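According to TrEMBL, the protein carries these features:
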type	residues	note
DOMAIN	74-466	domain 'Major facilitator superfamily (MFS) profile'
TRANSMEM	37-62	transmembrane segment
TRANSMEM	74-94	transmembrane segment
TRANSMEM	146-171	transmembrane segment
TRANSMEM	202-227	transmembrane segment
TRANSMEM	234-254	transmembrane segment
TRANSMEM	314-335	transmembrane segment
TRANSMEM	347-366	transmembrane segment
TRANSMEM	372-393	transmembrane segment
Amino acid sequence: MEEACILQLTSTGGISRASHQFTKGILEGFVSLGQEYGWICKAVVLISYFGLAVLLLAFLCFGCPEKRPKDPKMVGSTMLTVYLGAVNGLLYVATDQYIPSLPRMEVELSGSETILSGSVQLNLLSKAFVSLLVAPLSDQIGRKPILLTCAILMILGSFGCALAPNVYWFISARIIQSLGESLEPLTSAIVRDCYPDPGERLAALSVVGGMLMLGTAVGPVLGGLVASFCHWRVPFFVLSLAWAGLAHYAAVYIQETGIDVKSPPSYWYSLKRVFCNQQLLMLLLAESCIQCGYFTFNANASYLTEAVYGKSTAATSVLMGMMTLCSGIGLMIITRSTRPVLSTAKTWMTAYSLGAGLLLAIAAVFCPDHLWAFLGSSFLMGFLYLGFLYPCYVPLTVLYLDPVEDIAGTAASFEIFFQSGPSAVYSGLATQGLIGDGQRGLTWFQAGSTVLAGAVFWLGYGSTAKEPDSERVFEDELDKST
């Protein structure tokens, strides 16, 4: 009997050791993957840039291809709405999933905190500027060609990131991803194309926005957990496969949705229609300030929790997921409101600016060395952030796009630019605040953007006593400017 027990224990111990060695071998294999197959990443990156240069040269030499007619089958399509939601969600998963792994990636890719955290800001900045070209181009040649091209860039960029041998090739692949992510304004433009009724458009944008919030919540949690138990390269491989599926669906089932116009308005005319309206301009600036606070947390939370307080990657991913959970609670509360959109926006923007801003300032002054103070005030910021963004911002987006059907892509690109461009610069400055002054410096940056968001909002829509008539305002402002 004793011999049998000894044999059993020996066998169990041998299996355990073999399993541990097998797992260790897999992890070591992923660590060396970039060194052994980094040439594939280099080839993918160089071919992608060369292909884009050839495509740009063809446009310059031969002009834009002719847009296909709008397919009426796409109008009111439920599957199209679900597809756009999946696209929007995966766009944010692509960035959020690797944020908890930044400290580990810094070691393996021979980078630094500034460079790796800067990859998030560089992605936002690239997407913001490229959107100003890509989305207006969709007004000229149609939505489907742009959608397919960007999906292919997401495949190539994700695959390149998965095999990056060092931080510089990783950032080169991330730029390709950011070029693909420039399709984000197309989702709003396509919804505008396919839902002419404002009520139906509001419902469709709510679905697309809900999928985006789900991607924001799931991305860091799954990415961090996979990185903890396997490796940070794995989610990039999975993303490449997911985008391959979305590209195939778009090629087979998605038809042209852009409206048919004989001569699309000029870019200058589109600029005047949007930026000559003081209220809408202030709305864009308020959205920009809100995003500055959010991405300041998003791009720097992992370094604060892991490098400063010694928490694990899994713990960081759970904390980031909790922030989105707080945002979801705010969304559930505010969607039950029956008040008009504008008055609801005023209430929640005031609460966001004064409530979260005040708590962040108190945390910076009195609790600069306590993680719970930073996370508590940040969670409140998230609770109020998405509480405004979806129930209030989505209806305002409906109003914003309602009178600009013929330039929906261009107008949506302005919105994405204001959401991504300034927030990329601001969160980069916040990273330097974290490096120079620790948690106190980072918290002050969050507090500043939060208070500024409320101030800008009240300078625009906040000072309006009644719901805006977007079409009339646009026409009046345009007449004044001309």
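The backbone N, Cα and C atoms fix where each Cβ goes, and this holds for glycine too.
Heads up, TrEMBL stuff is auto-annotated, nobody curated it.
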Same-chain residues near the transmembrane segment (234-254), Cβ under 8 Å, at least 6 residues beyond its ends: 30, 74, 79-80, 83, 86-87, 90, 93-94, 97-98, 144, 147-148, 151-152, 154-155, 158-159, 161-162, 180, 222-223, 226-227
Stretch of maximal Cβ-Cβ contact with the transmembrane segment (74-94) [cut-off: under 8 Å; candidates 37-62, 146-171, 202-227, 347-366]: 202-227
PLDDT averaged over the residues of the domain 'Major facilitator superfamily (MFS) profile' (74-466): 78
